[in-house]
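Structure record follows, encoded as structure tokens.
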Amino acid sequence: MSAAPEGRRMLRLEVRNAETPIERKPEWIKTKARMGPEYQALQQLVKTEDLHTVCQEAACPNIYECWEDREATFLIGGSQCTRRCDFCQIDTGKPADYDTDEPRRVADSVRRMGLRYATVTGVARDDLPDEGAWLHAETVRRIHADNPGTGVEILATDFSGNPDLLAEVFSSRPEVFAHNVETVPRIFKRIRPAFRYERSLDVITQGRDADLITKSNLILGMGETREEVSEALADLHDAGCDIITVTQYLRPSPRHLPVARWVRPEEFVEIKAEAEAIGFLGVLAGPLVRSSYRAGRLYAQSMSAKGRELPASLAHLADPANGFAQAVG
């Protein structure tokens, strides 16, 4: 059996996936690169200060727009995950030792970058007794303490649905608690074998019950049907999800799940209208939308739709700005 780039042996599933060549993207999937002054300043700062964000390391297509708005995403808990999802670029393996200084370093990067809004996401750490709950919570707390004008969104694993571990994360009071369901029940176990669809919905419900703004994401093109997308949207809204993002699956490498279909822009328009009609407070949909795309602006819109005032320190998130270039209208 051949080896993966990280040196480990490829799984049988990965070998089977690799039999299908990487698909050619349709003409409507194009990045709109607008390198404004804020983006250029941040790019130079990140380079000279040797800072690290998911944005540049994952070559996110939305980096130009998000950085222009002083938003960025950070990965905590290491570069390897204890779980494997068939769409995810992060490799599976034994994670690095627990780094208790990481929250301070992330908060310092947020300060030096002058971010208006930071998204923090982490790998699953099933090897730890608390599955990384303290690390998630402490990173949010440290960013808030060191950067009072910065909003924080936590994009978390499910922590096995454990209420005590989730309560630790909730206690840090992020502006948004996000947990991505990603796909529909019929194909969920095949694509995300270490997660459970109903458990993920319950995690979102627990976030709602903690009086947090909640968020999730659906990736299309992994084998779902259009009807199943509608059913998943209804499930998420019933679970208490406030914000939903919907995107196209783009295959990270030949080892990953082949693309089942390319969703046309008009279908994203239809899905966005459907999600808004269901009652989601914030909806972004489009081939290149990602769950952290323009997250601060979407949070501000959702707070307004919920009838809540933004904290005075975060009022700037509602300032007029360019629209969501990568999302359908």
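Cβ atoms here come from the backbone N, Cα and C positions, even for glycine.
The annotation in Swiss-Prot ties CYS55, CYS60, CYS66 to [4Fe-4S] cluster 1, and of the candidates under consideration, SER291, SER292, SER302, the one tied to the same site is SER292. When the binding-site residues CYS81, CYS85, CYS88 are compared by the number of other CB atoms within 10 angstroms of each CB, CYS88 has the fewest. Among the binding-site residues listed (CYS81, CYS85, CYS88), CYS88 has its Cα nearest to the Cα of SER292 ([4Fe-4S] cluster 1 binding site). Rounded to the nearest whole angstrom, the C-alpha distance between CYS85 ([4Fe-4S] cluster 2 binding site) and CYS60 ([4Fe-4S] cluster 1 binding site) is 19. Here the CA atom of CYS66 ([4Fe-4S] cluster 1 binding site) lies 21 Å from the CA atom of CYS88 ([4Fe-4S] cluster 2 binding site). Within 8 Å of the Cβ centroid of the [4Fe-4S] cluster 2 site, not counting the listed residues CYS81, CYS85, CYS88, the chain contributes ARG83, ARG84, PHE87, GLN89, ILE90, THR92, VAL123, ALA124, ARG192.
Its Cβ taken as reference, CYS66 ([4Fe-4S] cluster 1 binding site) is surrounded by 27 other Cβ atoms within 10 Å in the chains shown.
DSSP assigns SER292 ([4Fe-4S] cluster 1 binding site) to coil in the three-state reduction, outside any helix or strand.
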